[in-house]
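Worksheet: the structure to be examined is printed underneath.
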Amino acid sequence: MCQQILRDCILLIHHLCINRKKVSLVMLGPAYNHTMETPASFLLVGIPGLQSSHLWLAISLSAMYIIALLGNTIIVTAIWMDSTRHEPMYCFLCVLAAVDIVMASSVVPKMVSIFCSGDSSISFSACFTQMFFVHLATAVETGLLLTMAFDRYVAICKPLHYKRILTPQVMLGMSMAITIRAIIAITPLSWMVSHLPFCGSNVVVHSYCEHIALARLACADPVPSSLYSLIGSSLMVGSDVAFIAASYILILKAVFGLSSKTAQLKALSTCGSHVGVMALYYLPGMASIYAAWLGQDVVPLHTQVLLADLYVIIPATLNPIIYGMRTKQLRERIWSYLMHVLFDHSNLGS
């Protein structure tokens, strides 16, 4: 979601200031499969200019996807099976792991299929379903980062009232609110783009059905959907970042008000995992934004697409590792769970 903000702005400038036909020729190259009606399917190019490296990319993405699935599944299972881990922080982490699974599974299997076998075809409905779930997952994740920041604020600034403020009902309400907010924000965008007339090329210069890449194929002016995405993304991400920043300002103020250095370090260490996850979410998005802003003359198109591809898999791969390494209790619970599964199965087998 956050990486759409400047991309949409760039697309708006292109369509308002430059002849649209020229833009289409620059972005899409020679004409492909021109039809006069909505195509039954789209063709995903993959990473243009890196076709010779597609096999190695498929191997790397497959490895990261397996790590992401295993890591996030273990976290969800370990937290779900341990009643002592049903605290707000662990519940939000469980939801984050589930969102990461949805994000990676929406994109990576098809991407690997394109890179390995060249199976680039994706049906019209599947393409927009993929786009919906990718944007939905990113919108939910930014909301989760906000709720986790609020959790850290209450834990550090109001520790005596922690369980009274973050009750199970409050946690459920917050989780439902960020999910409903994401659905309300993303559904109109998906509807607007899917109802654009696609009477020209059906070749998507991307590895998955990304909003901007699809909007460029439309015969009608895609500015309304791009403007909606720009305003919606700005409001959602901007407000989330503002509240996260406010939470951490209050957290730092409370931490540095402690007299003991040991207490200060202990308090800050409880925020380390959350800060790491935020960095994985926002920094790759910023890199993708700046790459789009600089344009193909500075950042080649294949680099822009590669950055967008990595953005959907790297956070899902590294988030479980960050929380597993930084959270001692969770690490011990995961290790205990793995030993239980491995040794109990081996004992049953013998």
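In case you wondered, yes, glycine gets a Cβ from its N, Cα and C as well.
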Tyr248 vs Ser336, same side of the membrane according to Swiss-Prot: yes
Helix, strand or coil at Cys219 (disulfide bond) [DSSP, three-state]: coil
Least surrounded among the disulfide-bonded residues, given as Cys127, Cys219, when other CB atoms within 10 Å are counted: Cys219
Stretch in 85-105, 130-150, 170-190, 268-288 most in contact with the transmembrane segment (227-247), if contact is a CB pair under 8 A: 130-150
For the topological domain 'Cytoplasmic' (248-267), the number of residues DSSP places in helix, strand and coil: 15 helix, 0 strand, 5 coil
